[in-house]
Amino acid sequence: MQLRKVLKSLDYTLLGAVGLILVMSLFVLKSATVNASEIHRINFVYRQIAWILIGTVAFFVVLFIDYSKLAKYGVWIYALNILMLVAVLVLGKEAKGAQAWIPIGPFKFQPAEVVKALLILGLAQFLVPRIGKLNTLKDLFPVFIYVGIPLLLILKQPDLGTGLVYVAIMFGMLLAAGAPPFLLFLLVATGLGAVVFAIYGHYTWGWWLPLKDYQLMRLIVFINPMIDPRGWGWNVIQSQIAVGSGGLFGKGWGQGSQNIGDFLPEQWTDFIFPVLAEEFGFVGSVLLLCLFFVVIYRGIKIAGKAKDAYGSLVAIGVCSMFAFHILQNVGMSIGIMPITGIPLPFVSYGGSSLLANMIALGLLMNVTVHHDRILF
């Protein structure tokens, strides 16, 4: 009986949108890895299907644990968050310039992805008693410390992209908790202004910057990729060519010249959106973005119907995570955002990312299933 009530309470519109996104992702992934599968002797599609199945199991495990009972374990969730990030620095192996992965047999696990869900749960519990009391910088300071500790561990790897996701989650949840929008806007504007001024000072007066060389170059080629079109600017230029050459209906599945010719970098992970845009065109791109819109819209509705403030904040945290991932990934593909290596939710290849997204989806469904206290 309980199972029947749970299944009846699920948001099938949201789940249907995610299901369609996953189906689209497998078609795009098959095309994006046509060359890589032969080189690496890996069937990326089969691996992704395996991770979808693992993620589905995780989804149902999360679904059947009443989220409100997790609130009293906020301190332990936060401690687990920190422990996992410290474990990466101790046991992790370096790949692509970051010590972010822990090898587990033939797979690589990236704890920072799963920690996003833990951050949402812990931060929601931390914010509940502060709702309506976040009016000044002094009020926000404890929240910055709470998020700042895991954020520093992420930046230590270094993984700036994931760090930005943490910040986006924090700001989304702060807004939902009643922090003044104008104050949050000022903080973001001040931060961006400080980055621009620091870069100017670096090249004008030789100021030290807490950025790796590749991170600095990503910011520079974001402003003007033609500064180094065959080097640092190559990725964004080829991505824009792929997106623009897709036209209205695309070149056809498996017919993208930028993809087949290996002009696109990381076409099955960071730059999978240009593959879709080139092969399925404007129509395919808009379809995917509309499905993402459904996910975010339904998630916000779930937040509005939550039985308590904790559930509402959890739902907003998940929506903030998804929204920033989508905005950043699609934005960097078309050149309106700097390259950060943030994957496209449910589309990019990667077990850790997909598992984290399915857990986050489970949290979102958990809030809607338990909004009437259906389970124990």
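Every residue gets a Cβ built from N, Cα and C, even glycine.
Record features (TrEMBL):
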type: TRANSMEM; residues: 12-29; note: transmembrane segment
type: TRANSMEM; residues: 49-68; note: transmembrane segment
type: TRANSMEM; residues: 75-92; note: transmembrane segment
type: TRANSMEM; residues: 140-155; note: transmembrane segment
type: TRANSMEM; residues: 161-177; note: transmembrane segment
type: TRANSMEM; residues: 182-203; note: transmembrane segment
type: TRANSMEM; residues: 271-297; note: transmembrane segment
type: TRANSMEM; residues: 309-327; note: transmembrane segment
type: TRANSMEM; residues: 347-369; note: transmembrane segment
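Within the chain, the transmembrane segment (49-68) has long-range Cβ neighbours (under 8 A, six or more residues past its boundaries) at 6, 22, 26, 121, 307-308, 310-311, 314, 350-351, 354-355, 357-359, 361-363, 365-367, 369-370, 375-376. The highest tally of CB pairs under 8 A with the transmembrane segment (347-369), across 12-29, 161-177, 271-297, 309-327, is held by 309-327. Remote same-chain partners of the transmembrane segment (182-203), defined as residues 6 or more beyond its termini with a Cβ less than 8 Å from a stretch Cβ, comprise 135-137, 140, 171, 174-175, 209, 216, 219-220.
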